[in-house]
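Here's the structure we're looking at; comments come further down.
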Amino acid sequence: MGVMFILICVSISLATCFLLAFIWATKSGQFDDCETPAIKVLID
Amino acid sequence: MSVETFHYDNKIVRNFAFATVFWGVVGMFFGVLIAFQLPLPGLNFGEHFSFGRLRPIHTNAAIFAFVGNAIFMGIYYSLQRLCKARMFSDKLSKIHFWGWQFIIVAAAVTLLFGYTTSKEYAELEWPIDIAITFIWVVFGINMFGTISVRREKHMYVAIWFYIATFIAVAVLHIFNSLALPVSFMKSYPIYAGVQDALVQWWYGHNAVAFFLTTPYLGLMYYYLPKIADRPVYSYRLSIIHFWSLVFIYIWAGPHHLLYSAVSPWAQTLGVIFSIMLIAPSWGGMLNGLLTLRGAWHTVAKNVELKFMVVAVTSYGMVTLEGPLMSFKSVNSLAHFTDWIVGHVHNGTLGWNGFLTFGIVYWLIPRIYNTKLYSPRLANAHFWIGTLGIVFYLVAMYFSGITQGLMWKELDPDGGLMHENFLSTVKQIIPMYYLRGIGGLLYITGVFLMVYNLFKTVKQGNLQADEEASAPALEQEKTKVKSTHRFLEGHLGLFFILSTLAIIAGGLIELVPGAMNEFISPTKPLVEKYSPLELEGRDIYIREGCNNCHSQMIRPFHNETLRYGAYSEAGDYVYDRPFLWGSKRTGPDLHRIGLRPRNEVWHYDHMVNPQKSSPGSVMPPYPWLATNKLDTSTTSKKIQVMRSLGVPYNYDDVRNAEENLQKEAQELSDILKKGKIDCAPDREMIALIAYLKKLGKRIKVKK
């Protein structure tokens, strides 16, 4: 079952990537406004 | 604030759209063909067009050609508009498009000729795997490049879904494809048996998650509001949907291996995460449907929205059904039956197919600056397609549950009620016809779409470079661009890329040496394969036997009665790749070598299954009796296995061919005694040797 160890490591790395992306996104204000993006997307 | 004028690249969107439609027709054609091959084995047209080879072509065409091109079509259109920028590089777009089409053609040709790794949705051999990696990186550079030059600071939720797709598919593809080549089109995976199964289904599940789901959710979040011309129900919910989904999805893979030889804790892990998945999935589904709150009357008049609504509803059905099927009790009935096939097709026909159709009907007239030729025809497509889905699903649920129950049914004395596997197959033949009719209806709808789009394109003019304007991002105006600024502004991207680099680097260092011992199971219950058996196994793989025959006996009374002792990890120590299969169209073969079937029976059965088993749905394999076995790589195969840690010694490698011929001669003599004339150098001999070996265990000292 050694491969489970590898898979868990890879999955955790992947999750860490997403976590870092999430922290970056939150810190840089990506989610400060949760209203206008939904409307802005309708305007080309 | 200066306003910049730029041009969207619509030509690349058009190209991917056409490719989507073309490959959709091809994939569905093969789907309908193999659907009818089951009740009508006469439709197996020889070596290259038998079920075992066509089924991977159908799945690969549907997933990577049809859905793949649709993803790129949808992303290339929406990403430009969401970023208010043209695609990063026209050249990369072109390389991406043609590279992907080349891979599809290469996949189709090699699969027809039997070059396959046998791993579901990862059947392609190593040179094509490398090409996929290359093109995927091209796509990634193009996408991240576009994001980095965007004129809209906020990254709309759809973009996040696209990014997750890129990252996850890259990691999955690389880890599942790790293999040691034997020759140009043959390789053995670095993982063996149970380990290989775990990696494959970690991949397999996440291929569904990150190729068929996350990109399409991104598309849903862009196109559904666009088509309905109203904002998504809750943008906040869409963000929660995204982050919770990507964190939970990667852990659900082992639910494909319930009751198998995989450790129970790994199975339970998969089940728990599968059930947790209901929450984000339904959050997203409701977010999509509620976008139309108070506007349902427009759905009746808007055919694109109709497609969207059915697609999102299918998504909701499948993401509830999936977690329920991962309950062990439900899974014990559903696994290996047509229920799984029904479940998957609800996703692909409903969710992927209908969402694609909705987008295409909306998008093509837009980039051609015209109106859809005939909304009425599109409406007909919608209803025929929906009817097709219903036919397909109902047939598969009936057939899956019926057969699953028949397998389990015991008579009052405790024996099997339906001892003959074939009697459970004959019971569901009518359902196979109904399923085929469902497929025919679905593809008929697609033909209507092809005509409709053809007419639309003819009456319009492609706006290859659509003009748009947007204010430049402020920060880019005031600061000088530098590499450092780029990284600072894209910290997330920077971390992602560096982590990927670390993973790849670590892997290259670790895999060949230390990992070998680590990932190979150590307690064998079986003897390693002889050269002849190994060649036979590779023929089993080439003909795609694993598409219909499992090699995994679950620890149930009825299965041990029918097939013999249940399978354990030690049975698979030398299996590269593992061949557990995921569907029992025919019986399990893990202990076939112990069953009272002699060499002569196997020969007859392979040449003409309907003669030895009247009513069988198995394709005939007469060419195995005439084709000469290619032994040019036999010793190389043994050598590669040896370097992967299989305990062959130098003599085994050196004398591989000699040993093979000796064993083949013996088998040929046995057949001769049964009045069958089969030269020892035929492929049939190797395959029979392999089948006779299956299930035989060594005596283990305790």
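Placement of Cβ uses the backbone N, Cα and C atoms for every residue, glycine included.
Per TrEMBL, the features are as follows:
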type	residues	note
TRANSMEM	B:12-37	transmembrane segment
TRANSMEM	B:57-77	transmembrane segment
BINDING	B:His58, B:His345	heme b 1; low-spin binding site
TRANSMEM	B:97-116	transmembrane segment
TRANSMEM	B:128-147	transmembrane segment
TRANSMEM	B:159-182	transmembrane segment
TRANSMEM	B:202-223	transmembrane segment
TRANSMEM	B:235-252	transmembrane segment
TRANSMEM	B:307-329	transmembrane segment
BINDING	B:His343	heme b 2; high-spin binding site
TRANSMEM	B:349-368	transmembrane segment
TRANSMEM	B:380-398	transmembrane segment
TRANSMEM	B:432-454	transmembrane segment
TRANSMEM	B:491-515	transmembrane segment
DOMAIN	B:531-695	domain 'Cytochrome c'
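Here the binding-site residues are B:His58, B:His343, B:His345, and the one with the most other Cβ atoms within 10 Å of its Cβ is B:His345. Across B:12-37, B:97-116, B:202-223, the stretch most heavily in contact with the transmembrane segment (B:432-454), judged by Cβ pairs under 8 Å, is B:12-37. Summed and averaged per residue, pLDDT over the domain 'Cytochrome c' (B:531-695) gives 95.
The stretches the transmembrane segment (B:12-37) and the transmembrane segment (B:97-116) are in mutual contact, each linked to the other by at least three Cβ pairs under 8 Å (pairs 6 or more apart in sequence). Within the same chain, residues 71, 75, 79, 82-83, 117, 119, 122, 126, 129, 132-133, 136-137, 139-140, 143-144, 147, 188-191, 199-200, 202-203, 206-207, 209-211, 214-215, 217-218, 221, 239, 242, 246, 250, 496, 500, 503-504, 507, 511, 633, 636-637, 640, 643-644 sit at least 6 positions outside the transmembrane segment (B:159-182) and bring their C-beta atoms closer than 8 Å to a C-beta of that stretch. Here the transmembrane segment (B:57-77) has Cβ contacts under 8 Å with residues 9-10, 12-13, 16-17, 19-20, 23-24, 26-28, 30-31, 33-34, 87, 93, 96-97, 100, 103-104, 107-108, 111-112, 120-121, 123-124, 139, 143, 162, 165, 207, 211-212, 215-216, 218-219, 222-223, 348, 352, 356, 359-360, 363, 367 of the same chain, all six or more residues outside its ends.
Packing against the transmembrane segment (B:202-223) from elsewhere in the chain are residues 63-64, 67-68, 71, 74-75, 78, 82, 119-122, 156-162, 164-165, 168-169, 172-173, 175-176, 232, 238, 241-242, 245-246, 249-250, 252-256, 284, 288, 308, 311-312, 315, 347-348, 351-352, 355, 358-359, 362: each is 6 or more residues past its ends and has a CB under 8 Å from a CB in it.
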